[in-house]
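Q: First, the structure itself, so that you have it in front of you.
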Amino acid sequence: MKKKMKMESSSSDKRELWILILYAVAFYSFVIQRSLRLSTDYHSQLYGLRSAWLSKFTHRSNDVSDAQWRNFRANLPILTIVFAIFGLAANAFRACFRFKARGMSFLWLFISFIYLTYLHGACIVFILAIALLNYLLVKIFARKKYFLLVLWSFNIFFLICNRVYGGYSFSIIGQQWAYLDNFRGTFRWHICFNFVVLRMISFGYDYHWADQDSRFDQEKHVHRCHICKSGKTCYHLLQERSVQDDKYSLSIYICYLVYAPLYLAGPIISFNAFASQLDVPQNNYSVRDVTWYGLRWVFSLLLMELMTHLFHYNAFAISGLWKQLSPMDVFIIGYGVLNFMWLKFFLIWRYFRFWSLICGIEAPENMPRCINNCHNLEGFWKNWHASYNKWLVRYMYIPLGGSQKKLLNVWVIFTFVAIWHDLEWKLLSWAWLTCLFFIPEMILKSTASALQVESALGQFVFRELSAVAGAVTITCLMVANLVGYVIGPSGINWLVSQFLQKEGLPVLGGMFVTFYVGTKLMFHIDDAKQRKYRSGL
């Protein structure tokens, strides 16, 4: 009887999966057709469109309206040459002279200072001055009870001051130094310094925790971790396992802060994990793995080039033309902007991680999961800038009380995330909206964990309710990110009025149904992964 019910359930799941796939194909066909038409009709009114190498094949201009993507794309050739030289030099010296952590730190300091001098010119003085102050602060106060308050106060103070004063001027030191303001390099140092702040806090915490009894059970972890079982070393083990005292030297600390492959954009790596791999290079990725990783990145770059030639989503957002569009088109542009942003960051972060892997340092993957395969807020933030999420969990969430104070923690953490990105009201609006949307999800999860559903009907009802909750969550995520990155807080009233009018309500309903279908597809993907994992055991 049970076997018969299982077979009927499997057959029903397959029929449902085919219906969901057909809906998804119809949805994306409609979105692509509408996007092409919008990009054609409004071509002359959009900002940031330029002719590019693919234009002669597509007969369309390239959307380079996003300044971050435009600068990265334009500098790709020189960056690739520079990092190829850096990687070759670092690996050659390590092989020839058998450098360990100390030797590699001096080598990377030399390489990274050449890189930073080109980027920031004389402003490298400001970076080193703040970094040295932080090092002294950590070494002096690390054993004090109030150390963490001192560490956070110092770093948040400079995080804000750097932005307010635009990276400072040499004339504030004295007029005799004002001439150095003419040698500020090619890139504003205080923009990159946001990542340096995270590294300085990481160093402070890891040094502070070094003398404390660790709750991390290494033997238990190795027994459970399939990576460590195979003879390799996973990132979690590298991060949680304390390093020897001599690794907390000034040379390794500065090397960690300015390590060239990860300096500009990350991914973010903890001090413990970095120092360990500086001593013994990563062994999780073979030459073949790294080569395939690079080829996949090239394929993703070609996809981005095709996307920005055919669909001008970001140009609509920059030009402000979304105000002239129907609710359906606003939804399509908003959805397109989020996908563009995901692919942009995916390419930037994987590029720098690729070069770091070549040089022997494995950093966490920042985009381990596609944006279209996340149906809850917690899952989304674990897979969007994932290395930053790991940093926040280790250095903020757990010290603040972890899951016991989750409802309070998210407000503190997301406020910091907004300030860390920039001092803008729209980012604070995005952060606080996200926190508001987190509350019902946390309540739902705690309720679900308390209920033990065993019957087939109960499991069906629970799955349907979870799909509805997923649709609501995705809608909330879209609203929060549109406010944070497209329309700003002043556009909330306009957005609400557009979707609550007669023309907008059917669109809102269609969005909800689409996200419901998408969530159920994600459930099927997760089920398939679990079956594959179980069969491999």
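Cβ atoms here come from the backbone N, Cα and C positions, even for glycine.
Worth saying up front: this structure is predicted, and the values here are computed from it rather than measured.
What TrEMBL lists as transmembrane segment is 74-93, 105-134, 146-165, 186-205, 250-274, 295-318, 330-349, 465-487, 507-525.
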Q: Would you kindly list the residues that approach the transmembrane segment (507-525) from elsewhere in its chain, counting only those six or more residues past its ends and only Cβ-Cβ distances under 8 Å?
A: 13, 16-17, 20-21, 23-24, 27, 326-328, 331, 372-375, 463, 466-468, 470-472, 474-475, 499-500
Q: Under 8 angstroms, Cβ to Cβ: which one of 74-93, 105-134, 146-165, 330-349 has the largest number of such pairs with the transmembrane segment (186-205)?
A: 105-134
Q: Does the transmembrane segment (250-274) come near the transmembrane segment (295-318), with 3+ Cβ pairs under 8 Å (pairs 6 or more apart)?
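A: Taking Cβ pairs at least 6 residues apart, the transmembrane segment (295-318) and the transmembrane segment (250-274) are not in contact, as fewer than 3 fall under 8 Å.
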Q: Please work out whether the transmembrane segment (105-134) lies in contact with the transmembrane segment (295-318), by counting C-beta pairs under 8 angstroms that are 6 or more apart in sequence and asking whether there are at least 3.
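A: The answer is no, given that the two segments have fewer than 3 Cβ pairs within the 8 Å cut-off.
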Q: Are there residues at least 6 beyond the ends of the transmembrane segment (74-93) whose Cβ is under 8 Å from a Cβ of it, and what are they?
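A: Answer is 99, 103-104, 107-108, 111, 115, 260-261, 351, 355, 358-360.
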